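Chemist: According to Swiss-Prot, the protein carries these features:
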type	residues	note
REGION	1-137	region 'Disordered'
MOD_RES	Thr33	phosphothreonine
COMPBIAS	40-62	compositional bias 'Basic and acidic residues'
MOD_RES	Ser44	phosphoserine
MOD_RES	Ser45	phosphoserine
MOD_RES	Thr74	phosphothreonine
COMPBIAS	88-99	compositional bias 'Polar residues'
MOD_RES	Ser101	phosphoserine
COMPBIAS	108-117	compositional bias 'Basic and acidic residues'
COMPBIAS	118-137	compositional bias 'Acidic residues'
MOD_RES	Ser136	phosphoserine
Amino acid sequence: DPKDRKKIQFSXPAPPSQLDPRQLEMIRRRRPTPAMLFRLXEHSSPEEEASPHQRAAGEGHHLKSKRPNPCAYTPPSLKAVQRIAESHLQSISNLGENQASEEEDELGELRELGYPREEEEEEEEDDEEEEEEEDSQ
């Protein structure tokens, strides 16, 4: 009795009565069991996938499921993410260097033309502060 209690009872729909008992047995044999599905989910070698026994046993359906689903999102690998991050950081540092050199070029040109650009900016800031103080009174 203790052994009988450990057996798992699966509820299955009653088969149509018009089928022959031999056909029912063949259908039952073709149906994958949970253990079979678990085994198929594991990565199997290509030799196993091509074996004729597997197709004869009705397990060939899993080969279709091995194809990637075009709608499913596959996240990038860790190496791909690292490459993306490195290229992003590189582009940021390149932008920073280019902007700094462009600003230096502009300042040099302005100084050559006699414009003390930095002093003008400070004066503009002072004017804005004075206007804000007048507005608040």
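Backbone N, Cα and C define each Cβ position, glycine as well.
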Chemist: Have a look around Thr74 (phosphothreonine) and count the other CB atoms within 10 A of its CB, chains all included.
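Modeler: A count of 7.
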Chemist: Per DSSP, how many helix, strand and coil residues does the compositional bias 'Polar residues' (88-99) have?
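Modeler: DSSP classes over the compositional bias 'Polar residues' (88-99) add up to 12 helix, 0 strand, 0 coil.
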Chemist: Would you kindly give the Cα-Cα distance separating Thr33 (phosphothreonine) and Thr74 (phosphothreonine), rounded to the nearest Å?
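Modeler: About 28 Å separate the Cα atoms of these two residues.
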Chemist: Under a three-state reading of DSSP, tell me whether Ser101 (phosphoserine) is helix, strand or coil.
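Modeler: In three-state terms, Ser101 (phosphoserine) counts as helix.
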Chemist: How many neighbouring Cβ atoms, not counting its own, are there within 10 Å of the Cβ of Ser101 (phosphoserine)?
Modeler: 10
Chemist: Using Cα coordinates, what distance in whole Å links Thr33 (phosphothreonine) and Ser101 (phosphoserine)?
Modeler: 69
Chemist: When secondary structure is assigned with DSSP, how many helix, strand and coil residues does the compositional bias 'Basic and acidic residues' (108-117) contain?
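Modeler: Per-class counts: 7 helix, 0 strand, 3 coil.
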Chemist: Quick one: what's DSSP say for Thr33 (phosphothreonine), helix, strand or coil?
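Modeler: Thr33 (phosphothreonine) sits in coil per DSSP, no helix or strand.
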Chemist: Tell me, by DSSP, whether Thr74 (phosphothreonine) is helix, strand or coil?
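Modeler: Assignment for Thr74 (phosphothreonine) reads coil.
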